[in-house]
Structures are given as structure tokens and as C-alpha cells.
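A.B. asks: Would you mind keeping the following structure in view while I ask a few things?
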Amino acid sequence: MRSVGSPSVVTRRNVKAHSNQISGVNDNSVQEEDLKLWQKHAQELKVKVLEQVQDQLSDLLDKALIENVPPFYQKQPAANGTTTHPSSRSQRMDDGKVFMARPSVLDELFEISHIRTIYHMFIAVLLIFFLSTLTVDYIDQGRLVLEFDLLFYAFGNLGTVTWAWIVMFAYTLLVPYYAMRLWGSLYHTFPSKLGLSLSTGLLLSAVQICVLGQFPVHVVVQYQLPPASRFIVILEQIRFVMKSYSFIRETAPLVMNNPPKEGENPRFPTLSSYLYFLFCPTLIYRESYPRNSHIRWNYVFVTVGMIFGCLFYGYFVLVRLCVPVFRPETNQPFTKRSMVLAVFNSILPGIMLLLLCFFAFLHCWLNLFAELLQFADRMFYKDWWNSTSFTNYYRTWNVVVHDWLFYYGYRDFLWLSKRKFRTAAMLSVFIVSAIVHEYALSMGFGFFYPVMFCLFAVFGVVFNFTLNDKRQSPVFNVIMWACLFVGQGVQVCLYCQEWYAQARCPRTGNSFLELVTPRSWSCN
């Protein structure tokens with residue numbers, strides 16, 4: 001019998017201990033792998049739970065918002081001092097846009113010091129433009145005088161613009177309103193409702209074509225207005241057309257669906273509510289809107305200052321970055337190389353002009369009128385700069401125009417087609433928007449060069465269907481901005497080239513082919 005301390009026993013014990021040690025190490029590695037797998041699974045589960053919670057919270061907030069909108073509206077005074085009932089047609093979510101008191105996105109962001117610093121950076125660039133212009137003028141001409149000859153030229157003949165605007169405004173205020181009022185007073189008693197509606201619609205359309213269609217074009221062409229004055233007349237023409245259509249579109253169903261009781265007059269909007277609508281910053285008519293309690297005059301003065309700052313900013317961008325490149329003395333013979341260089345040289349002024357137009361009009365101009373009229377819904381745009389798809393960009397860039405196109409273009413098209421042709425409805429909205437944009441630019445510049453139409457109706461449609469809402473990666477935000485840079489560079493380059501080509505090589509006739517053929521293609 002072997003002793004406990006014999007070598008064989010010790011060896012077996014060592015082997016057993018070594019095997020247990022190896023087993024422990026293997027168990028630890030397995031546990032570590034299981035722990036890593038569990039952590040990965042928990043992280044995925046965390047992301048899914050957060051997404052579900054976020055979606056549920058969003059749905060709950062939307063539901064609460066919709067449920068609380070009618071009481072809010074019941075407390076808001078109308079333009080004529082009256083109040084509206086929460087069950088009125090214009091305030092129901094199913095019938096269209098619901099207005100609510102909310103500030104503009106940039107007003108909220110400017111309260112953050114980091115975002116306000118970006119705004120200060122743009123002001124610093126404006127000061128540099130100002131100082132560089134002074135320095136160059138002093139070196140070239142020996143005097144410290146800022147000349148704004150291009151700015152004064154662009155806004156010339158403002159007297160003609162003023163009386164043309166008064167004519168368009170007076171017509172838009174009186175004729176559509178009283179035509180609809182006359183139609184509404186006869187609608188429920190007239191033997192043929194369809195005949196009355198068709199005759200009124202055709203007659204009003206004919207007058208609209210003459211006054212809001214041909215008259216502004218005649219003024220622009222006959223008086224040879226400069227570009228900025230042209231844009232004022234044409235853009236106001238488009239605005240009055242959209243405003244009057246919204247008033248008719250919203251009022252007609254209200255009259256048809258509410259027959260008056262015996263001995264009562266038909267219910268019809270007041271002239272004061274329509275007058276308020278013509279000036280308030282929205283294209284969707286309502287009898288009343290949410291209103292602020294007072295006017296912040298400090299906000300008004302600051303906003304006016306920012307509008308003038310943007311105006312001079314745009315002037316310096318054109319004078320310092322565009323005119324030296326495209327003016328006739330520096331133009332080189334057209335080659336592929338010169339064209340590519342001109343496009344890339346135009347990207348910086350192009351994107352700066354885009355941001356200036358957005359900030360000056362969609363933020364400053366609309367907020368100025370909203371503040372003066374105590375209009376509380378300031379959602380004129382959304383955070384379009386964060387878009388990862390062109391679909392979202394088109395929805396958030398200009399909410400005011402988008403709402404009009406959505407409710408009176410896209411949604412009415414679906415209603416007429418019984419919701420069968422969604423793609424056709426979307427394409428029709430794109431085509432109409434592209435035509436109107438090209439019409440405004442053609443009349444504003446005084447020549448036809450369908451750059452905007454091609455970019456909007458061709459590339460815009462392609463990007464809308466390819467870079468859609470399914471694209472959520474930040475990479476697509478980079479792609480969107482890159483496309484905006486290139487698109488703005490192409491527009492600034494081609495329109496500047498055509499502007500100087502029109503000046504160097506004026507038309508010799510008025511044939512249709514000569515009117516629609518760009519002069520920059522043949523003018524050397």
C-alpha cells in the first residue's frame with residue numbers, strides 16, 4: 001500500500017489541479033463571450049425600446065395637441081374682434097391646416113449662445129465685405145466713398161411699382177370678395193346651382209386673367225422695369241393669385257354646406273377678416289388665426305435692421321464675387337474648362353445668396369409682418385438644414401408655399417382621382433411649382449433661360465424619389481448639401497452669363513425662336 005505522499009499520488013493531484021485550472025479558464029472565457037453577446041443584445045434592445053418610446057411619445061403628443069386645439073382656438077379673437085366656435089369647419093384637423101401659436105425655429109435657436117455665434121460670424125463677414133469694398137475703392141479711385149449704383153439701379157422706377165401694386169391689391173381685395181358674396185347670396189335660391197357656379201367661376205376667371213394675369217406682365221414689359229422692381233411686381237402677382245384662390249377655395253364649401261335658415265342671410269366671412277388675410281404671412285385662408293397679445297417693437301426694429309443688412313449683404317456678394325468674374329471685360333471665350341471653373345467659382349456666392357434669401361424673406365420678412373399683425377403661428381419653415389432627403393427638404397424649406405401646394409394641389413388632386421394616382425399628384429405639384437419658379441425668374445431677369453425649371457422639374461423629381469425619407473444616415477445630409485452647392489453654382493453661373501450676353505448681344509427681332517434661345521449660346 002502506497003503512502004499518501006508518494007510520487008504517483010502527488011502527480012495525480014497535480015494533473016487534476018492543472019485540469020481544473022484549465023477548465024476554470026475556459027469557463028471564464030465562455031462567460032466573457034456570453035457577457036459580450038448579452039451586452040450587444042442589450043444595446044440593440046435599448047435602441048429598439050427607445051425608438052418605440054419615442055414613437056409612442058410622439059403619437060401621444062400629437063393626439064394631445066389635436067385634442068387641445070379647439071379650446072385654444074375658442075379663446076382666440078378673430079380679425080374683427082369676434083370669436084370662433086371650436087366645431088367650425090376651418091378649425092378641424094380633417095379639413096386642412098391647423099394654426100397654433102409657435103415661434104420660428106431660428107428665434108428659438110438664437111437663444112442658444114453657440115448658434116448665436118454662427119449668426120455673429122455672418123455679421124463679421126459682412127463687415128469684411130464692407131471694409132474690402134472701401135479699401136478697393138480707395139486704392140482705385142483715391143476716395144472713401146461707397147457707391148451703391150447697382151443697388152439703386154435694381155430698385156429703380158419704384159413709383160411705377162407702387163401704383164401697379166395698388167391696382168392689384170384693390171382688385172384682389174374687392175372683386176373676388178364681392179363676387180363670392182354675390183354668388184353665396186344666390187346659391188341656395190337659384191334654380192340651377194351648377195349653372196350659377198359655372199357662370200360665376202368663368203366670369204371671375206376671365207377677370208382674374210386680365211387684371212392679375214396680363215396687367216402685371218404689361219407693366220413689367222412696357223415700362224422696362226429693372227430686375228428687383230420686376231421681381232416685386234411678379235412675386236406680388238403670384239401672391240395675390242394664391243391668396244384669392246385660397247379665399248375662394250375655403251369659402252365656397254362653407255357656403256354650400258351651410259344653407260341659411262328661413263329669413264336669415266347666408267353666413268359669409270367679413271371683409272375685415274379677408275383684408276387681414278391679404279397681409280398676414282400665410283397662404284391658407286381662415287376667418288381667424290391665433291393672435292399674440294401685443295407687438296414687440298424692439299423685435300420689429302431689429303428685424304427691419306436685419307432685412308436691410310441682408311440686402312446690403314447680397315449687394316456685396318454680387319459686387320465682390322460675381323460681377324468681377326462675369327462682367328464683359330473679363331469674359332473669356334467659351335470652353336469646357338472655363339465653364340467648369342465658372343461653375344465652381346459660383347458655388348460660394350450661390351450658397352451665400354441662397355442662405356441670404358432664406359433668412360431675409362422666410363425668417364425676417366415674414367416674422368416682421370407676423371409681429372406687426374400679432375400673427376402667432378411663426379412656422380414659416382422647419383429645420384431644412386438637417387434634412388437627409390430631398391423629400392424632407394422640399395417639405396421644410398418653405399412651409400408657407402408647401403401648405404398651399406399640398407392642400408390645394410396634391411390633396412385636391414387625390415380627392416378628384418379618388419386617391420388612385422399619388423405619383424401623378426406629386427409630379428403635377430412639382431411641374432406646377434417648377435413652371436411658376438421659372439416664370440418668376442424669366443419675368444424678373446427679362447429673358448428665358450430654363451435653368452431653374454430643369455433643375456427643379458428634372459433633377460428635383462429624381463432626387464425626390466431616390467433620396468426619400470428612407471435615407472436617415474448623416475451621409476445623405478452631406479449629399480443633400482453637396483447637391484445644393486452645385487445647383488446654386490450652376491444657377492448663378494448660367495444666369496450671370498446670360499445677363500451679360502443679353503447686354504452685349506441684344507435681340508435684333510421679336511420672333512419666338514429668338515425670344516426663347518439663350519443669347520449666351522451664340523454671343524461671343
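A Cβ is built for glycine as well, from the same backbone N, Cα and C atoms used for every other residue.
Feature list, courtesy of TrEMBL:
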| type | residues | note |
| --- | --- | --- |
| ACT_SITE | H437 | active site |
| COMPBIAS | 77-90 | compositional bias 'Polar residues' |
| REGION | 1-26 | region 'Disordered' |
| REGION | 74-93 | region 'Disordered' |
| TRANSMEM | 118-139 | transmembrane segment |
| TRANSMEM | 151-174 | transmembrane segment |
| TRANSMEM | 194-215 | transmembrane segment |
| TRANSMEM | 268-285 | transmembrane segment |
| TRANSMEM | 297-319 | transmembrane segment |
| TRANSMEM | 339-369 | transmembrane segment |
| TRANSMEM | 421-441 | transmembrane segment |
| TRANSMEM | 447-467 | transmembrane segment |
A.B. asks: Rank 151-174, 339-369, 421-441, 447-467 by Cβ pairs under 8 Å to the transmembrane segment (194-215) and hand me the top one.
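C.D. replies: That would be 151-174.
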A.B. asks: If I count Cβ-Cβ pairs under 8 A between the transmembrane segment (297-319) and each of 118-139, 151-174, 268-285, which range comes out on top?
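C.D. replies: Counting Cβ pairs under 8 Å, the winner is 118-139.
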A.B. asks: Sequence gap of 6 or more, C-beta under 8 Å: which same-chain residues meet both conditions with respect to H437 (active site)?
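C.D. replies: Sequence-distant Cβ neighbours: M452, F453, F456.
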